[in-house]
Amino acid sequence: MEGVNNLAYHFNESDEIVDSDIQKHNNNINKEGEVSRDNWGSGIEFLFSCVAMSVGLGNVWRFPFIALDNGGGAFLIPYIIVLVLVGRPGYYLEMIIGQFSSREIIKAFDCVPAMRGIGIGQVICVVFISTYYSSILAITLRYFFFSFNSVLPWSECDLAWAEPCYPSSGSSSNQTIQEGTKSSAELYFLNEVLHAKQNINDGIGLPILNLIGFLVLNWTIVFLILVKGIKSAGKVSYVTGIAPFIFLIIFLIRALTLPGSIDGIIYFFKPDWNNLLKPSVWYSAVTQLFFSLNVFFANIVMYASYNKFNHNIHRDANIVTTLDTLTSIVSGCISFGIIGHLKHELNADDITKVFKGGPGLVFVTYPETISKFQNVPQLFSVLFFIMLFILGIGSIVAMVTSVITVVRDQFPKVKYWQAALGYAIFGTLCGSLYLTPGGQSVLGLVDHYGATFIAFILALFEIISFCHIYGVKRICKHLEFMLGFQPSAYWKICWYAVTPLIMGAIVVYSLAFYEPPTDNGQDYPFTAHIIGWCITFFGLIWFPLIMFVEINKQTGQIIEKIKAAFRPKANWGPLKADNYEKYQEFIKNN
């Protein structure tokens with residue numbers, strides 16, 4: 001541990017305070033236009049906003065099919081382990097950095113200026129994710145509105161589909177379903193909603209007009225939530241942070257009462273111990289953790305930066321990470337209960353054969369099960385899709401707020417509503433690409449090259465920057481100054497060693513056993529991979545580029561220039577002058 005501290009101080013020298021520090025800080029703040037920033041209306045708004053951000057589509061849409069692909073219960077154990085050793089420490093760390101500095105992710109790296117490119121790359125990741133999340137929400141809104149039909153449109157077969165089909169509304173337990181026959185719910189999703197092509201080799205096609213209308217509606221709602229900045233977003237969090245749990249309890253009760261559901265739930269909790277030895281399962285657990293908690297994606301630092309300086313983030317970090325885990329488990333019980341029910345209905349001998357991965361879970365498996373409800377299936381359909389939309393909107397609001405905060409910190413004269421409107425227009429244009437007949441193929445490509453792959457690398461270097469170069473000792477001092485106590489040994493050990501080692505192992509594994517993404521079981525064309533690697537390059541190039549720029553603009557010999565580029569900037573520290581002065585006094589006395 002002392003070696004890590006020595007590394008931090010090798011670059012940053014010492015925390016000795018000189019009389020001109022406060023004046024330098026204030027001059028730099030005024031020069032950059034960072035005079036003030038809004039705060040959450042109350043601490044509970046911050047907590048609910050974090051819950052709404054972290055408890056989202058990653059829990060209901062992504063977690064179940066990742067769990068199934070990795071052996072059900074065999075995935076649950078690694079997921080909880082990496083949550084404790086990577087997720088919680090990372091979440092708490094980003095909260096501390098954000099609240100202490102009152103800065104978004106890019107300017108938070110003023111503590112290690114040479115590493116600011118990491119923050120830029122993470123913001124680019126957020127942009128990619130927000131655009132395809134918006135397309136999923138557009139499809140969700142379509143299903144929501146069509147749930148009010150007297151007969152759910154995906155419950156019966158349509159002769160126009162000209163494919164072998166069985167109706168999702170009826171029980172299949174007394175009929176033999178030939179191999180290759182699809183449910184009406186699946187064919188409705190593919191033919192009526194997506195107008196899907198087999199794969200990207202068949203082309204992308206033009207945007208589907210009715211889905212574009214729902215995409216515009218989605219971004220209009222996001223704009224209205226953010227039009228007054230963090231104040232209006234905080235008020236909406238009372239709905240986005242609470243309502244989904246009510247819906248989840250309703251669906252859990254319903255899932256437990258379905259015939260055959262217990263078989264699916266047993267599969268979810270029963271581990272295959274052999275799978276625990278597979279590195280791919282642990283890799284998937286960390287991947288899911290990123291998308292579930294939203295950790296290492298710039299959003300947590302941004303939300304915490306709007307906190308009051310002494311807000312109890314220790315309590316909130318524990319609450320949010322615990323709620324996120326419980327939500328994933330409840331969502332898993334619901335999803336696997338439904339899958340067990342479908343296995344019972346279809347007389348299937350293998351639970352994995354009735355599952356539709358990815359969007360299929362949300363837009364095929366759930367609607368198919370709801371269609372079988374004898375009493376008011378429309379009500380359950382409405383409840384499910386409004387729940388899904390609320391879950392997604394909480395996450396996308398956090399992503400958009402992250403980007404807007406970066407824009408306004410760089411260009412203070414831009415008004416919040418102007419930035420929100422501009423991003424809504426941008427999001428609509430980009431999101432329309434995913435709402436073409438080949439849109440799901442594009443989504444898979446962007447998700448792999450523009451989100452997951454970049455996120456792992458940047459997350460590792462974020463941990464190294466904050467904990468090893470800047471130093472865990474300083475971070476502990478920041479927390480002690482804000483809250484009056486030092487973090488426990490658990491947090492320190494994770495920040496020093498455990499979390500960086502696990503993240504490093506994951507990055508090495510992902511590079512050593514790299515497998516290119518596939519499109520509906522087929523290889524993407526060579527051109528698509530070239531585009532994908534260009535996306536990755538655009539996300540990662542800022543890291544070495546900004547490091548070179550920061551080192552080059554320093555004075556002195558090369559060693560001195562490197563050291564200077566890794567020292568905190570003169571304006572680093574609490575943003576408000578009175579907090580900065582008190583912190584300097586705290587450092588002198590401790």
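Note that Cβ sites are derived from N, Cα and C of the backbone, with glycine treated the same way.
What TrEMBL records for VAL55, ASN59, SER292, LEU391, SER395 is Na(+) binding site. Here SER292 (Na(+) binding site) comes close to SER54, GLY58, ASN59, ARG62, PHE63, GLY87, ASP324, SER328: these same-chain residues lie at least six apart in sequence, with C-beta atoms under 8 angstroms from its C-beta.
Marked as disulfide bond by TrEMBL: CYS157-CYS165. Here CYS157 (disulfide bond) comes close to CYS165, TYR166, PRO167, SER184, LEU187: these same-chain residues lie at least six apart in sequence, with C-beta atoms under 8 angstroms from its C-beta.
The transmembrane segment annotation in TrEMBL covers 73-93 (among others).
Same-chain neighbours of the transmembrane segment (123-145): 57, 61, 105-106, 193, 210-212, 214-215, 217-219, 222, 297-299, 359, 362-363, 367, 381-382, 385-386, 388-389, 392-393, 395-396, 399-400, 402-403, 406, 427-428, 430-431, 433-435, 439, 443, 446-447, 450-451, 454-455, 458, 535, 538-539, 542, counting only residues six or more beyond its ends whose CB sits under 8 Å from a CB of the stretch. According to TrEMBL, the feature transmembrane segment maps to 123-145 (among others).
Summarising the annotation, TrEMBL assigns transmembrane segment to 204-226 (among others). Cβ atoms under 8 Å from those of the transmembrane segment (204-226) belong to residues 134-135, 137-139, 141-142, 145, 193-195, 197, 232-233, 236, 393, 396-397, 400-401, 404, 416, 420-421, 424-425, 427-428, 431-433, 435-439, 441-442 of the same chain, restricted to positions at least 6 beyond its ends.
Annotated transmembrane segment per TrEMBL: 238-262 (among others), in sequence order. Residues 45, 47-49, 51-52, 55, 327, 330-331, 333-334, 337-338, 340-345, 369, 380, 383-384, 386-387, 390-391, 393-394, 397 of the same chain lie 6+ residues outside the transmembrane segment (238-262) yet bring a C-beta within less than 8 angstroms of a C-beta in it.
According to TrEMBL, the feature transmembrane segment maps to 282-306 (among others). Non-local neighbours of the transmembrane segment (282-306) in the same chain are 37-40, 46, 49-50, 53-54, 56, 58-59, 62-63, 66, 69-70, 75, 78-79, 81-83, 86-87, 90-91, 94-99, 101-105, 108, 119, 122-123, 125-126, 129, 230, 313, 320-321, 324, 328, 395, 398-399, 401-402, 405-406, 452, 455-456, 458-459, 462, 502-503, 506, 509-510; each lies 6+ residues outside the stretch with a CB under 8 Å from one of its CB atoms.
According to TrEMBL, the transmembrane segment annotation covers 318-339 (among others).
Here TrEMBL flags 382-407 (among others) as transmembrane segment.
Residues annotated as transmembrane segment in TrEMBL: 419-437 (among others).
Marked as transmembrane segment by TrEMBL: 449-472 (among others).
Non-local neighbours of the transmembrane segment (493-514) in the same chain are 1, 4, 82, 85-86, 88-90, 93, 279-280, 282-283, 286, 453, 456-457, 459-460, 463-464, 466-468, 472, 475; each lies 6+ residues outside the stretch with a CB under 8 Å from one of its CB atoms. If you look up TrEMBL, you'll see 493-514 (among others) marked as transmembrane segment.
Long-range contacts of the transmembrane segment (526-549) within the same chain, counting only residues at least 6 positions beyond its ends with a Cβ under 8 Å from a Cβ of the stretch, are 114-118, 120-121, 124-125, 128, 200, 445-446, 448-450, 453-454, 457-458, 461, 516-517, 519, 565. TrEMBL lists 526-549 (among others) with the feature transmembrane segment.
The recorded positions listed here are VAL55, CYS165, LEU391; among them, VAL55 has the most other Cβ atoms within 10 Å of its own Cβ. Distant neighbours of the transmembrane segment (382-407): 49, 51-61, 104-106, 123, 126-127, 129-130, 133-134, 136-137, 140-141, 143-144, 147-148, 218, 221-222, 225-226, 230, 233, 236-237, 239-241, 243-244, 247-248, 250-251, 294, 297-299, 302-303, 305, 362, 366, 370, 414, 416, 419-420, 423, 427; these residues of the same chain sit at least 6 beyond its ends, with a Cβ under 8 Å from one of its Cβ atoms. All protein chains considered, the CB of SER395 (Na(+) binding site) has 26 other CB atoms within 10 Å. Listed by sequence, the residues of this chain that lie at least six past the ends of the transmembrane segment (318-339) yet keep a Cβ under 8 A from its Cβ atoms are 47, 50-51, 54-55, 59-60, 63-64, 67-68, 72, 76, 79-80, 83, 87-88, 91, 244-245, 248, 251-252, 255-256, 258, 261-262, 264-265, 267-268, 292-293, 351, 354-355, 361, 365-366, 369.
Remote same-chain partners of the transmembrane segment (449-472), defined as residues 6 or more beyond its termini with a Cβ less than 8 Å from a stretch Cβ, comprise 1, 4-5, 7-9, 11-12, 90, 93, 97, 109, 111-112, 115, 118, 121-122, 124-125, 128-129, 286-287, 290, 295-297, 492, 495-496, 499-500, 503-504, 506-507, 510, 517, 532-533, 535-536, 539-540, 543, 566, 568. For ASN59 (Na(+) binding site), the count of additional Cβ atoms within 10 Å of its Cβ stands at 28 [all protein chains shown]. The Na(+) site, placed at the center of the C-beta atoms of VAL55, ASN59, SER292, LEU391, SER395, has further neighbours from the same chain whose C-beta lies within 8 angstroms: MET53, SER54, GLY56, LEU57, GLY58, VAL60, PRO244, ASP324, THR327, GLY394.
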